[in-house]
Amino acid sequence: MGNRSLSFWLFLTPVLVGLGLVVIVPLIYGTYYSFTDWNGLTASQFVGFEHYINLFQDKAFLNSIWFTIKFSFVTIILLNVIGLGFALLVTQKLKTSNLLRTVFFMPNMIGGLILGFIWQFIFINVFSDVGEALGIEGLQGWLSTTGTGFWGLVILTCWQMAGYIMIIYIAYLQNIPGELVEAAKIDGANSFQRFKNITFPLVAPAFTVSMFLTLSNSFKIYDQNLSLTNGGPYESTQMVAMEIVKTAFSANEMAYGQAKAVVFFIMVAAIALTQVYYNKKREVDL
Amino acid sequence: MESKLKNYLIGAFGILLGVLWLSPFYLMIVNAFKSKKEIFMGVLGLPEAWSFDNFVEAFIDLDFVNSLWNSVMITVVSVVVIIVFSSMAGYALSRNKSKLSGGILLLFVAAMLIPFQSVMIPLTSLFGKADMLNQAGLIFMYLGFGSSLSIFLYHGAMTGISQSLDEAATIDGANRFQTFTRIIFPLLKPISVTVAILNVIWIWNDYLLPSLILSENNATIPLKMFYFFGQYTKQWHLALAGLTIAIIPVIVAYFFAQKQIIEGVSEGAVK
């Protein structure tokens, strides 16, 4: 199929039109309007960088970025630890391996909105009951403070995504040649040494994949945030995505919301590109 | 002997972890059977009686038959559209080795970096002006957002399908379209299953996009769940029954197709 062949273009037209009208055109159109006083329908004048200057002094926006960064940092570490742990567990040739794999992955099948509602019940009602029974003060009043809201979101996200990360690690663990492990055993390496010197370096590429996924996912989280804390108390657990939605669709500041959305896009793209670059480089070094 | 003991311990630890992982579902289900007063008395134990009253009420309030139908319709049509058009594109891009073709593939891959939230405001505005804030518009948007990863997966799978098949088909008098539908597309079946699974999980559970597009009459399950939950904030017995009902279709599907689902997700993530 040459570039001039009609069939080449016919085969591509539907997806090019789709991507163009749904992603590319809105991105360009939105970026343009973020420099105006656009209200979602019309724009009467250019305001230059006004929105961009304002958003760097916007406490709610800056807080949401900081909250999202802290959240992503903690989640990436926990998810990779739990995911790798699960993967090591279900590749132990236990009788229950398949069942456990199914169980660990199950929360991933259900949408974040519904999971957030379930956990709202657990954090508020179950935690307080258990706390009362065991006399643990710290289990009372979950989701009513910034700290418990933060950890609530972390726990929910780990529960939802650990099975997914596990699957990525399983794929890499299964590629480790058995002879290598056997040879190390014969040479007298204990299980910790085998993990450190064989398993760990060979699953290192899985870090690329799972860190990239966790990071970009945690930046884009909205549903879980909405259903678990709705940003409360006092917008202190509001993540970037929710801040943008609220600016645009609750406060109706379309152009300002879009300026935040453009900054958000630049952040997500920059993180993703840096990470891919960094991980590729590290893999080569190993 | 020692290693046998170790295996038992690991096995027991695994079961413990599995039970812990499932406990949120247990808590949801047992409390969905309780009355408001029973939940207040305690959330850990089993209900006094297994009454389905909460489920009946939630089922009616969720307008479940209607929301289920909306979800199924949107998901099935979107996924079929994505599969048909992405496989065509993946085929065309892999059979054209020019720089332009490589550039188009790169464009789709790069588009995966664009988060939904950064285009949602102009997107709803533009589609609103075109009077397309409806189910058809939503399906078209799913094509726009979903095609990137799908094309990427199809393009990868095409490298395993020899070009000599195309040539043989051309000699036999088939045109491009016939070659694709009769020879290539059937060979792409394994990757089509993966593409279908990934897109079904995403679209079925998606909340934000439909919440900006659909009216309450056309609400999908997550959307309806949101409205429903707002009505029952202090009435956990009904809210939990509603959540249980909303999850049932997913769990049933998962148990029937879990092997394919886990393989598909694995393939989609690792590539």
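Please read every residue number as a count from 1 along the shown chain.
Cβ from N, Cα, C; glycine included.
In TrEMBL this protein carries:
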{"type": "TRANSMEM", "residues": "A:7-29", "note": "transmembrane segment"}
{"type": "TRANSMEM", "residues": "A:65-91", "note": "transmembrane segment"}
{"type": "DOMAIN", "residues": "A:65-277", "note": "domain 'ABC transmembrane type-1'"}
{"type": "TRANSMEM", "residues": "A:103-128", "note": "transmembrane segment"}
{"type": "TRANSMEM", "residues": "A:148-172", "note": "transmembrane segment"}
{"type": "TRANSMEM", "residues": "A:198-219", "note": "transmembrane segment"}
{"type": "TRANSMEM", "residues": "A:261-278", "note": "transmembrane segment"}
Which of A:65-91, A:103-128, A:198-219 contacts the transmembrane segment (A:148-172) most, counting Cβ pairs under 8 Å: A:65-91
Segment-segment contact (the transmembrane segment (A:198-219); the transmembrane segment (A:103-128)) at 3 or more Cβ pairs under 8 Å: no
For the transmembrane segment (A:103-128), sequence-distant contacts whose Cβ falls under 8 Å of one of its Cβ atoms, 6 or more beyond its ends: 86, 90, 139-143, 148, 152, 155-156, 159-164, 166-167, 221-228
